[in-house]
Amino acid sequence: LPILGPLGSTLSTRYGARPVVMAGGFLAGMGFLLGAFATRLSHLYLSVGLLAGLGWALVFTPSLGVVSRYFPTRRAMATGLAMAGASVVGLALGPLIPLLLDTYGWRGSLLLLAALSFNLMVAGALLRPLDVPNESPRPPPPRGQAGLCELLHHGPFLRYALAFVLVDAGYYVPHVHGPARAQEVGCDEHRAGLVMAVTAVADGIGRVVAGLLAARPTASLLRHLFAWSVLTGLALLLLPLGTTFGGLTALALAYGFCAGAIVPLQFTGVVEVVGAGRLLHAIGLMQMFESVGSLLGAPFAGWLRDLTGDFKVSFLAAGAFLLAGSLLILTLPSFFHTPRSDGSAIEGVPDPVSKGLELPSVPLSPSN
């Protein structure tokens with residue numbers, strides 16, 4: 001899904017968010033539906049893996065971009081509330097999927113997931129285009145391609161993207177290896193599940209709280225993001241100290257809260273780096289770059305566990321990745337000099353990107 005982020009942003013810029021999200025919901029639903037009739041493992045790779053993954057890529061990037069443009073002066077708060085939904089669903093699906101598998105089998109479970117995914121078409125239809133006078137509803141395709149190429153030569157954006165490659169290399173390690181770590185310190189399967197549930201709840205709360213705090217004008221958004229990234233890295237470094245159920249739960253609670261706070265700020269922070277006119281393209285490229293860290297971090301942590309015999313070094317390395325990524329945020333020009341966070345939008349004035357338009361913007365200089 002993340003590696004196809006640029007596709008979702010380009011199509012949304014060309015055609016608007018509403019049709020792209022609806023098409024993504026249809027593809028996601030068809031992927032699960034076709035997977036229910038699979039007779040070989042390769043069929044599941046093509047249906048659930050490729051087709052449903054493509055659908056989710058077409059849903060996520062345009063939806064996130066539209067939320068950011070609907071609320072130009074409360075972008076962090078709106079994104080935090082929207083991203084909290086992912087934590088709620090993740091927490092709900094954890095116990096629900098095993099129940100569906102026991103009751104309906106894997107084919108019936110995929111059919112039910114297909115029905116849920118088709119509802120994304122309805123959600124996409126509710127994305128209201130905002131009219132902008134004297135603007136063409138469809139900018140020519142080269143502008144979208146030029147926007148992506150321009151970002152690939154923009155120094156601050158590339159440093160920002162690299163920061164989150166490093167952050168994601170450590171971010172998902174507790175989510176993937178957390179249950180095994182809990183069992184390693186003597187927790188049974190039920191208690192290990194409770195540790196992960198606490199992490200998920202704290203993650204959702206952290207997303208909302210970070211959005212609310214970032215909406216206050218006490219500090220720039222990038223400084224909020226830097227602080228939460230450092231706190232998340234420190235929480236990861238402390239996780240090996242949790243050698244009992246209570247201690248591990250308390251540290252997982254701290255980690256989940258701080259890690260959740262990063263999520264809404266990393267996407268709203270893009271505006272501080274490149275401006276609102278390139279928001280959709282920047283989010284799409286960010287997802288593609290981040291997929292590298294997401295895919296490599298957990299296997300690397302597993303390799304360290306096999307090498308050392310436990311997960312202590314794995315969590316220490318994950319924390320080091322997060323701290324290294326947070327240091328890169330310090331190199332951004334807008335960290336010390338904050339531009340207008342809404343780029344070019346003014347409260348009460350409709351924003352064109354939700355209709356698929358791109359705001360005129362000053363060319364991005366790679367020299368910054």
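Even glycines carry a Cβ here, placed using N, Cα and C.
In TrEMBL, the transmembrane segment annotation falls on 44-64 of the listed ranges 44-64, 149-169. Counting same-chain residues at least six beyond the ends of the transmembrane segment (193-213), those with a Cβ under 8 angstroms from any Cβ of the stretch are 76-81, 83-84, 87-88, 90-91, 94, 174-175, 178-179, 182, 187, 224, 228, 245, 248-249, 252-265. Using a Cβ-Cβ cut-off under 8 Å and counting only residues 6 or more beyond its ends in the same chain, the transmembrane segment (248-267) has close neighbours at 64, 68, 76, 79-80, 82-84, 87, 164, 167, 171, 174, 178, 181-182, 185, 187, 194-196, 198-207, 209-211, 214, 221, 224-225, 228-229, 231-232, 235-236, 238-239, 241-242, 283, 286.
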